[in-house]
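See below for the structure under consideration.
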Amino acid sequence: MNKPLRRIAIFCGFLILTLLIRDNWLQYVKADSLKEDPKNRRVLIARYAIPRGDIIVGGNPITGHAETTSGDFKFKRTYKDGAMWAPVTGFVSQAYGANQLESIEDGILSGTDDRLFFRNTLDMITGKDKEGGNVVTTLNAAAQKAAYAGLKKQGGKGAVAAIEPSTGKILALASFPSYDPSTIAGGSTSDEEAWKKLQKKNNPDDPMLNRALREVYPPGSTFKVVTAAAALEDGLYKTADEKTNSPDPWVMKGTTTKLPNEGNIPCENATLRVALQWSCNTVFGKIGSDLGNDKMLEEAKKFGFTEEQFTPVRTSASVFSDDMNPSQTALSSIGQFNTAATPLQMAMVASAVANDGTLMKPYMVDEVQTHNLDPLEKTTPEEMSKPLSAENAQILQSMMETVVEDGTGKKAQIEGAKVGGKTGTAQHGVENSENPYAWFISYAKLDDGSSPVAVAVVIEDDEAVRDDISGGGLAAPIAKSVMEAVIDSKK
Amino acid sequence: MSSTTNSPTHHTSTIGAIGAPSRRNTELALLVFAVVIPVFAYANVGLAINDEVPAGLLSYGIGLGLLAGIGHLAVRKFAPYADPLLLPLATLLNGLGLVAIWRLDQSKLLQSLPTYITAAPRQLLYTALGIALFVVVLIFLKDHRVLQRYTYISMFVALVLLLLPLVPGLGADVFGAKIWIRVPGLGSVQPGEFAKIVLAVFFAGYLMVKRDALALASRRFMGLYLPRGRDLGPILVVWAMSILILIFETDLGTSLLFFGMFVIMLYVATERTSWIVFGLLMSAVGAVGVASFESHIQQRVDAWLDPMREYTLSQQGVWGHSEQAMQALWAFGSGGTLGTGWGQGHSELIRFAANSDFILATFGEELGLAGVMALLLLYALIVERGVRTALAARDPFGKLLAIGLSGAFALQVFVVAGGVMGLIPLTGMTMPFLAYGGSSVLANWALIGILMRISDTARRPAPAPAPNPDAEMTQVVRPS
């Protein structure tokens, strides 16, 4: 019986050998692809196993981390003043992934970025625990606070964007109503409930929408600044104080419709200064119509319209249409018809004017660094375009300053600084049935001629009485407090 | 028989009684390793998970040491010539299994599951019972040939054991496979594990008697000896039984195990290759035939062919699909060559049955390719010692029983490890000694006990012949 026994022994050896080969296939040949398979939960477990790096504003982290008590993800994100900072940070959630800055800078924050390789290796050698790097933002805590507090006090939906004109640094990005990303950072059932409540289908206020970057509103009269810039650049009008060729009432070209002005204001053949001061629809509508669709579009594009901006968080593209007839161009040139802009876009308009015609690329990440603050990469300010010449920019500045000194924007005046601004009241809804948006864009200039801040504020308010809504009344005070906060923090 | 070669005098029956090495001291030395290695592993898990040496380390070490010591003393007393490797190998696997089970007990994820029980203390109890059973086998089974008397009783017992899970009210359906019974007060029992041993006894007894008829009465056809029609009876019966197990208990592994064991023993008994050919044909026909209409088997095959699809379906909440197969593959892959180290993997993601059917995946992740290969070689060594015992056995019944038990053991390791590693479709069986489960631990300790009894009988020196009165006389009348 021994011969078959030996053969059975060989057979058993063959069984074990097959297992050994299979094991080598699994754990050697296929090991890496199995290990890094995104569906393999270990990838996420590793990601949440180390304390996430922080997002920093003015030297202080606005984020943190906490050890979770349940589940297999060790750390979860926490936020300080989460609702206020949500438009800056976005969220990172164990259950729902990440968005905006948390997502874009995830490599640094979660410690997997190649730029952290040296630090990570050093930590490994010295026996320290791995940690994510930090993202230092350009934001100004005081300005952000002023913006969010202003929106909250006002109570309606709205947004604020503020930029430093000379660099493009984003100083404030506020959106209201907002949400606290801390509530959805974990993976528990309470996070799930909070997430569900924040979804647009369950919450008509859509608190997770970043209105400062991702919502476009008809800019209304604030767009007249762009139209004025186009008129000056084209040479249609060369100064602020020459009479324009503007009948009042003005019948839009190709139609029999009169473009109305709001109230009884001195618009007939008004100078650009006066027209901006009183926000004359007839003057700027006719300028748009005279310049034509192409020239208006070209100027709008120079200010950043029609393109998404990457701050690095992506913004929605602001809209200025092409292929419009003269009357549509006229309406578009006073910020109606299809024209729509993000609050950041309108802040860029004010900032380009304040920066003597040069538009700086807006950005919110100043520096990325290792967890022990060694810098890895610093953003250098970058010129994006030159929508208007320095002379024309100064003409436009003087016009906008008149608006604040002696026009619709008086509520934005700041003692010790020169403020230029423009109000806007944009109609929307079918037959203008819904409450208008109240806009205010402005910049502040200090005595030394430098301009530390440009800001745009938009408020959509269902509850306010229609007549009360005007950029000057609702939005200008918020813009003022943001500008003051920036100026004060410079001192 | 190399174990006897260093004692050349052994072959002459007159003076063989003294001097044959029992190898008990070798066994003791190996047992020290078999206890110390799991104790270190245990400390390792504690340090990795809780940053401290587990509080129970000393009692665990002493407990495992005591159990191994009792086993060893029983072998010294009742089977002094038994194979010296089997007991240390089984102890090492059992100890490592305990560590892995305790490690999985620490997982918060598994603790949150409704099916969670603290498994390690129970497994320690099963181990104690298993070693007790091992000792009982050594004490009461003085000679394995006694089992020959119970050939047909064994058949009956095996049939009952195999059919028990089908009894309404007794059987339990665990994830499709109906290979469990629920005994009130005892919990779940897997009768198939015990049936494995009892069936081996029956096959050995039966084949020993019938081997000549099965081997010789045959016609030659195309180079193969074809058995007579009536001699095909037994193999057809066993085949039909396997098919019935496959259909009614829907477990491919159990079915394959029993049929494979029978074919191996039949081949050894008759030395006719034709039986192997028949066996392979019949199992292929049976497996394909059943798989074509049994949806549970089909699903296992589908899950094996495309584990990712199975995973996706389970994540979508489609009923009856399981993420386990894919999770096990991820665990192996994430372990890589050297593994994450004890307590640092995430094999708990397998969730259900992570510490039983899928326990090999925990070793794969935490000990890596190196660890799993070592484990597989430990199993290979057990099988090798079993085959060597069969070779050394002097009686056909012992040879058949030993090869049946070791062949079944090898098949079980292959079916389970192959299933977990995605080499073949998953089955509901468990890795011997490593996996959590009382039936498995008890049955496999009994199996080791029987193998050691056979090897003891085989290696035991023949008793000195009775004094020959004639010889005495001759000496007396020698001329001076």
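For all residues, glycine too, the Cβ spot is worked out from N, Cα and C.
Nobody curates TrEMBL annotations by hand; they come from automatic prediction.
A quick note: this is a predicted structure, and the numbers were derived from the prediction, not measured.
The feature region 'Disordered' is assigned by TrEMBL to B:461-480.
According to TrEMBL, the transmembrane segment annotation covers B:28-49 (among others). A Cβ distance under 8 Å defines the sequence-distant neighbours of the transmembrane segment (B:28-49), meaning residues of its chain 6+ beyond its ends; these are 57, 60-61, 64-65, 68-69, 72, 84-85, 87-89, 91-92, 95-96, 98-99, 102-103, 106, 341-344.
Taken from TrEMBL, the feature transmembrane segment covers B:55-73 (among others).
Here TrEMBL flags B:85-104 (among others) as transmembrane segment. With a threshold of 8 Å between CB atoms, the same-chain residues lying at least 6 positions outside the transmembrane segment (B:85-104) that come near it are 27, 30-31, 33-35, 37-39, 41-42, 45, 49, 54, 60, 64, 67-68, 71-72, 75, 110, 119-120, 123-124, 127, 130, 342-343, 347-348, 354-355, 359, 362-363, 366, 375, 378-379, 381-382, 385-386, 431-436, 441, 444-445, 448, 451-452, 455.
What TrEMBL records for B:124-141 (among others) is transmembrane segment. Listed as Cβ neighbours of the transmembrane segment (B:124-141) (distance under 8 Å, sequence separation of 6 or more from its ends, same chain) are residues 60, 63-64, 67-68, 70-71, 74-75, 78-79, 94, 98, 147, 437-438, 441-442, 444-446, 448-450, 452-453.
Here TrEMBL flags B:153-172 (among others) as transmembrane segment. Long-range contacts of the transmembrane segment (B:153-172) within the same chain: residues 147, 178-183, 188, 191-192, 194-195, 198-199, 201-202, 205-206, 241, 245, 248-249, 258, each at least 6 residues beyond the stretch ends and with a Cβ under 8 Å from a Cβ of the stretch.
Among the features that TrEMBL reports, transmembrane segment is placed at B:192-209 (among others).
Long-range Cβ contacts of the transmembrane segment (B:230-248) within its own chain (Cβ-Cβ under 8 Å, at least 6 residues beyond either end) map to 159, 162, 166, 178, 206, 210, 213-214, 217-218, 254-256, 258-259, 262-263, 266, 275, 278-279, 282-283, 286-287, 289-290, 294, 297. According to TrEMBL, the feature transmembrane segment maps to B:230-248 (among others).
Residues annotated as transmembrane segment in TrEMBL: B:254-270 (among others).
Under the heading transmembrane segment, TrEMBL lists B:275-293 (among others).
Annotation source TrEMBL lists transmembrane segment at B:358-379 (among others).
As annotated by TrEMBL, transmembrane segment applies to B:400-427 (among others).
Taken from TrEMBL, the feature transmembrane segment covers B:433-452 (among others).
For the transmembrane segment (B:433-452), the list of distant contacts is 75, 79, 82-83, 86-87, 90, 93-94, 96-97, 100-101, 119, 122-123, 126-127, 129-131, 133-138, 141, 144, 187, 189-191, 193-194, 196-197, 355-357, 359-360, 363, 375, 382, 385-386, 389, 401-402, 405-406, 409: same-chain residues at least six beyond its ends, Cβ to Cβ under 8 Å. Contacts between the transmembrane segment (B:400-427) and the transmembrane segment (B:254-270): present, as 3 or more C-beta pairs lie under 8 angstroms, all at sequence separation of six or more.
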